[in-house]
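Inspection log for the structure reproduced underneath, given as structure tokens.
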């Protein structure tokens, strides 16, 4: 009876973690769209830097209150993580500017096979045939939903390539560092958020000026735009934390596959907010295919042999977490 109770508790915590991530991720998309569409605040990289400032403040307060225990992350590991994470943010912003929406969506979908490759190479993970097929069905469904016009140019391809690999490496590294150094999600955020906040606030204004030809310090701030910026930063704390929780509890591949439920929800909410223009028969078919693939993946990947490590154990450093 005890094992069943333990598994039920784990399933409940897993579901809560996914729900937390979905709610905060969809919420921040809606708030950021309102901020950019209504007030014209197009400084995405600087805004992300502010997100990490808020996250740093939250982790610092929790440390002072004793809710986060002292831990250690070697500087070389921190540096690699911050490089991957910042290249991911910059790469995605530049890719969106230089590529068509269709190719940008294809690039985002390609993160799943890249994440699979990283797990196969570094973690010696083996996927069953059903797990591979379920991933392909998710890719097909989301592709049908989101990919429309597809045009490719050299600089756009390079930006997308950098974005895909840096994002995949960053998400893989979240799971890797938590396992190797026995870090909780709060611990890892406490180490990485200050470094990302500082680096993005240094680079962000210049990058945003290059992308938009507008200066963030000359933006016409008002009470409405400041309120949305505050809301975005507040929700971002939950988004950053829930991402680390989900990847830490599962893997980067599972986070990517099941995370496309957020794409489906954004499309559905767009239908309710903006009318039937955003929804047609091929989008509905794509949604149904993707949801079926996600359900299948969630089922087969948790079964014995669905996704397993082959005689490979990751060395951990628990002494440094004391």
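Placement of Cβ uses the backbone N, Cα and C atoms for every residue, glycine included.
Any TrEMBL annotation is an automated prediction that lacks curation.
Not measured: the values here are computed from a predicted model.
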So which range, 104-126, 219-241, gets flagged transmembrane segment in TrEMBL?
-> 219-241
Which of 12-31, 43-66, 78-96, 156-174, 281-300 shares the most C-beta pairs under 8 angstroms with the transmembrane segment (219-241)?
-> 43-66
Establish whether the number of Cβ pairs under 8 Å between the transmembrane segment (133-150) and the transmembrane segment (281-300) reaches at least three, counting only pairs separated by 6 or more residues.
-> yes
Among the recorded stretches 12-31, 78-96, 156-174, 281-300, which has the greatest number of Cβ pairs closer than 8 Å to the transmembrane segment (186-207)?
-> 78-96
